[in-house]
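Notes to accompany the following structure.
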Amino acid sequence: MTSSGKVRIYELSKDLGLDNKDVLDAAEKLSIAAKSHSSSISETEAGKIRSLLKAGSAPRAAASPSKPAPGKAILSVQKAGSGSNSPARPEQPKPAASSPPAAPAAPTKAKSPQQPPARPAAPSRPAAPKASATQTSAPQKPVVRQQPTAQQPVPRPKPKTAPERTVSRPPSPPARPVPQQPSPPSAKPRGTAPIRRAAPNDAPRPANAPPSRPQPKTPVNRTAPPPQRPAAKPELVGRPQPRRPEGPPTRQGAGPGSPRPAVSPRPSAPGSQRNMPQRPAGAQRPGAPTRPGTGAGRPSRPGGNTLELVGKPIRRDGSGNRGEGGRPPGGARPAGGGNRPAMPPGMRKPVAPGELMQLQKPSGRPGVPPPRRPDGTPVTPRGDGPKATPPVSRPTATPPSPATAPRRPGGFRPGAGPGGQRRPGRPDWDDSAKLDALRNRSPQKQRQKVHIIGENDDSLAAQTGGFAGEQQNMVLSASLARPSKPKSQQKAAPKPVAAMRKRRKETTRQRQRRRAMELRAAREAKQVRPEMIVVPEDNLTVQELADMLSVESSEIIKSLFFKGIIATVTQSLDMPTIETVAEEFGVPVLQDDVEEAAKKTVEMIEEQDLEHLIRRPPVVTVMGHVDHGKTSLLDAIRKARVAAGEAGGITQHIGAYQVEIEHSGEPRRLTFLDTPGHEAFTAMRARGTKVTDVAVLVVAADDGVRPQTLEAISHARAAEVPIVVAINKIDKEGASPDRVKQELSEQNLLAEEWGGDVVMVPVSAIKSENIDKLLEMLLLVTEVEDLQANPDRLARGTVIEAHLDKAKGPVATLLVQNGTLRTGDVVAAGPVLGKVRAMVDDASVRLKEAGPSCAVEALGFSEVPTAGDEFEVYPDEKSARAVVGDRASDARATRLAQQMASRRVSLTAMSGQANDGDLKELNLILKADVQGSVEAILGSLEQLPKDEVQVRVLLSAPGEITETDVDLAAASGAVIVGFNTSMASGARKAADANGVDVRDYDVIYKLLEDIQLAMEGLLEPELVEEALGEAEVRAVFTIGKSAVAGCYVTTGKLQRNCKVRVHRGKEIVYAGDLDSLRRNKDDVKEVATGFECGVGTDRFANWQDGDRIEAFKMVTQRRKLTT
């Protein structure tokens, strides 16, 4: 709880033992404003969410065993031969019917004389619960709980656990109670035996014995002691629930001579108050024959699993008691799925109105073969009439033919006539879908749209609520999907479809034109200006710029015309012009170099990984301006001292560390990437953002938002990763976290305390203050991201850094993003091939394998790979070499093109500079410790002014300075610049012998300063004025034809032969040399301040009192590079 009495979402989810997503969903249902897991809400709102979540968990609480209420027959559902329970569908209560204690009916001889005793009979259709007191029905022998003697109707459970299809008819009044009949003599006393419903085909058997397959028999009402209940703990919901039949049990009254059951009168439609037991995902629809192993009373297979129920029960109206109007008793049983491939067309009969069927996807269990007789022939299930229904295939969500499509309410289903042909003139349900598909020229091979068949589907959706309602809606929609039609029926399509096909042939070209016009019209109508545009190669044509700005090219040409530039649509514009035009339209411009490097271009998780994903540690990149305390913050997290050992106290590499912390009582790992903050290391920061899952933006509380802070924000946005702001140095004087929040809000980063969604944590790295809170926020943010990877595949990842070690050879820092990297794996990193010889982590501990989100240093590459390239492990070296060869040729062509572009100089400009003597070149050979440093130095050299001095880098590579480098420098007159590297044996001696200048640096600041000084040294020096002093004319003396000015030196000094300017008022009357300087009739070289002297010039004699003489001299000065 916060100090203001509010509660965070993640604290509320922790109290309730739920995920943050569930609490956020509940808040959204209650219209409570909560943007993320760390949002704050009031205690009242928290109480509403708690009550809603507790109400949503009530059905789960009701599933626990409780003492049954008087008059309720609580039944347990358990598969025979299994010790575990599975939830079962509650059965509708019999309205106002009281029945005596029933016992399993004694088996009688089957009526069919053709059936031998040894052959197991196929289970028949389940009997519905009867309203008569003399006949009770249950799909299978239930296991009975305790029940009081009083017989009361069982109350209906809440519709949340068993949504039913409601029918808009008046409610049926309760039926009159039927007097209870006396129980047979064999029944036990009422007080000693619990009451249960007896199925007519149940036979007394031991409780633990597997059920035997029953024979068709005449129902006989007897009572017997119920079987002993197994020791397994039942799970019941609400009302009496029959054990889920492994196949449809024998139907009562199905034979031709069976008596019609007594039905209590009711005004409601038949079957409106009944439901049928729920089937699992692999169960057949009611009325369909049963496969072996699923028939009622059939011995279960050894090791059978507990029955699983998929989804929620679906009411099938009229399925409870077919004798009441769903189908006349004694009639032939209709086929469960209509005309199936193995069923005669005449076997199907219409379904009663309001009947709803459900198709469910198989839940991954293998199909069960059809039942077989001992001689190997398939068993024909015995029905309840003279006709029998052959076994059919198990229905799935996508049946093989339209004959298995779900029926419409009222019994009509297209194509259900004899032979599977649809009625002539009857419009098909998916004609509109076909017309749309033909218009869009999309192939009909794909699965068609899901159509919900039924008139009262809204009532089904209305009853489906709560947290589990969304899942049930999805299952229901899939179950009612109409399947695609076979090719034979598509050929015999009605006339409208044929007309559309003819039109399609005639209008192909017109349709293409129409679609092009629609796209153009939509683009013109949209006219939405982008937030920013990214210029790929520092130039764009007018048409390309117009497309990016979503304006007409004529608008761009008009804008340029008013600026004095005559342009055409194909003319290329340089970067300043693009920025000027884009700013006129209110769109900022970004260069593509860095933003493209920060975008995540390769998806590391492939489709085959989806079944094997596990949670992986998050990768956190620490970014920010230089000297804002990024490495110190990581030191506080790791409890190490890295920053103290860095040259100049600044980070110049990407450091990869893995930290293990305690969170919610369990160890959690975080992989940190520490990026440099200096402006030269832009590419390094972009690479760090490309592989990260969350970015930590470090901002100093005493310095605020700086240029590299803005750059880091743009990197994180380009990579589309969440940002957590750490406001560091809050312990310093002058620290103002609120000022930092204000500056960040100007960059659209609004703190949660101010109503935004960005987590901002004030920390102190030096005093380790609020470090735990920062780590907790990082874990909470990454939990929402749901980071996963597949560790059971070959590794893939990114090269974070690479360098050449003189002892180990090429070394690369690899971040494994998916899979597991092992010693001996063949790795291809861009155009570089390697075989992992050894791996070490950030603590220099050797590893044999590295899982997802691990950063390791790997040895064994053939050359130094390029930082930022993706690497991938291949099963053998042959396949890896083939991939690397193609990449190497592409990289070579790209490198040559870049070199030619960098050396492209205008011949006229070069000859003009050569004639003027202004063409200066500084040749460099650059060697650094790692690839990232080489990139940073080259990028910084590109920023230096090149108007008068050209910098040519003849060679740039990671590694030590060799004797070959010295020979190249001697031949080209180059300077060797080393950065954090050493010289090989013999290189120093060769450099001294050839007079090659070798410079070594360990801080990038000093390196760039010296190179700029060397470039300025190539420039010609310039003459500048240096002030000497001033004097005032107080008297004028005429000597011959010339005149001498008697002066008093006010400031500085006067020197003989210096330059002077004579000021008279605001006008300069003379500028020239001072030829004569005397004091007391003696020639002197200079006169200091406070002395009088005589000043004479050969070319000026018009002195006047009050003139001011300014003395200066011209000196040579080293030129500076101008931008």
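Positions of Cβ are set from backbone N, Cα and C atoms, glycine also.
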Look up region 'G2' in Swiss-Prot and report which of 649-653, 789-793, 819-823 it refers to. 649-653
Could you say whether, by DSSP, K630 (GTP binding site) belongs to a helix, a strand or a coil region? helix
Within 10 angstroms of the C-beta of I730 (GTP binding site), the count of other C-beta atoms across all shown chains comes to 19
Among the binding-site residues listed here (G624, D627, K630), identify the one with the smallest other-Cβ count within 10 Å. D627
